[in-house]
Amino acid sequence: MISRLFASNQNVKLVRTFKSTSISMAAEKKKFERTKPHVNVGTIGHVDHGKTTLTAAITKTLSDRGLANFKSYAQIDKSPEEKARGITITASHIEYESATRHYAHIDCPGHQHYIKNMITGAAQMDGAILVVSAPDGPQEQTREHIILSREVGIPALVVFLNKMDNADPDLVEIVEMEVRELLSQYGFNGDETPFVKGAAAVALAETNETATQYGRKAIDELVEVLDTKIPLPHRAVDKPFLMPVEEVFSISGRGTVATGRIEQGTLKVGEEVAIVGIKPVPKVAVTGIEMFGKLLDFAQAGENVGCLLRGLKREEVLRGEVISKPGTIKASTKFKAKTYVLTEAEGGRKKGFATGYRPQFFIRTANVTGMIELPPTHAVILPGDSLEFTVELISPTPLSINGRFAIREGQLTVGAGVISEILN
């Protein structure tokens, strides 16, 4: 769901969405000034626990200080299906600043049917806000999002206990204990994870003059926790440029725009790149780069950008491919991976599987079917097992050693793994 990001000389506001990173362009465009370190964060958690409301509350609170543009719940949840069902389906990108950092914030879907979209969003985060409804406690997707956060490599979590205005004070301590136990169970330091207690809906209705403990004061505390508890990430700016493609659209007479988060390296306007994947393009020039509606002379690892590719048609670039420095990565169909298979209690399968099993593999932004071949020592792999096995994908996909992936079957997350060897 993307509308135009780049335009001709028209005084028109344009919006790019990965469901929606708002990127506007007018006849006179501003340049993005890097005055603060850039960090990618996001909201994860069970459906209806308040992720999108919290995202809106953060922008509302910070907008009164000139550090954000307020985005309402309706502006964040834009698609007709989302509006009709009142849930987030894809992952929304917005921006805001604290006193010391520039944040790109990804609001991830919590509904089970859209976990696959959450995987792509979570894989871009340097840290995440796990939103848990204090009256309800941790639920099915709370656990699944924690597991997926670990598997896609999110290094740090912050917990926001939401809806405190409707919570039983005697039960809040139990809910916090349950969440800490879940975090510890799945590889995070539950004892040391910071918790912020608040009510996002209350914060949305308040002003600075009427701020209360669970309202705006809780949002202020949350932003301070992000600044101090989410480590500044190391950016691989010295490696060859690589950006997984999230969304693609075309501008008549100008070319095709591909959007995504830069995984490594830097890119300057005018440089040539390659498109690697199902429809490879050996070389194409980048004639424009933007981030959150502002022009960039160059982009670097960690930034969510749109790249204007000269002369390409929209159908020549696909989600799941990568844009890279020419000659630095190839598309492959076969690899070995060290993989963990989730148990039923973790949201996985009830039964194991054997050679010939064909689930979906989520690798970067790609979603591709692959056939699993177990080693001769194993006739079957069971839930809870860890094993290295071979995967053969049905279409060429850009792969990297130590690259992470998730395995899905229907509405189940089957497992997750790390690529150990590329075989072709």
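Just so you know, the numbers here start at 1 and follow the chain as drawn.
Backbone N, Cα and C atoms are what each Cβ position is placed from, and that goes for glycine too.
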Open item on the list: Quick check on the annotations: Swiss-Prot lists region 'G4' for one of 10-13, 98-101, 162-165. Which range is it?
Closed with: 162-165
Task: Which range of 86-90, 276-280, 316-320 is region 'G2', per Swiss-Prot - done: 86-90
TODO: Quick one: sort out which of 27-30, 107-110, 231-234, 323-326 is the region 'G3' according to Swiss-Prot.
DONE: 107-110
TODO: May I ask you to indicate which of 45-52, 133-140 is given in Swiss-Prot as region 'G1'?
DONE: 45-52
TODO: Summarise the model confidence on the region 'G4' (162-165) as a single mean pLDDT, whole number.
DONE: 96
Open item on the list: Are there residues at least six beyond either end of the region 'G4' (162-165) with Cβ under 8 Å to its Cβ atoms? List them, or say none.
Closed with: 49-50, 53-54, 131-136, 172, 197-202, 214, 218
- [ ] Kindly assign Gly45 (GTP binding site) to one of the three DSSP-derived states: helix, strand or coil.
- [x] coil
Task: Other C-beta atoms that fall within 10 angstroms of the C-beta of Asp48 (GTP binding site) - done: 18
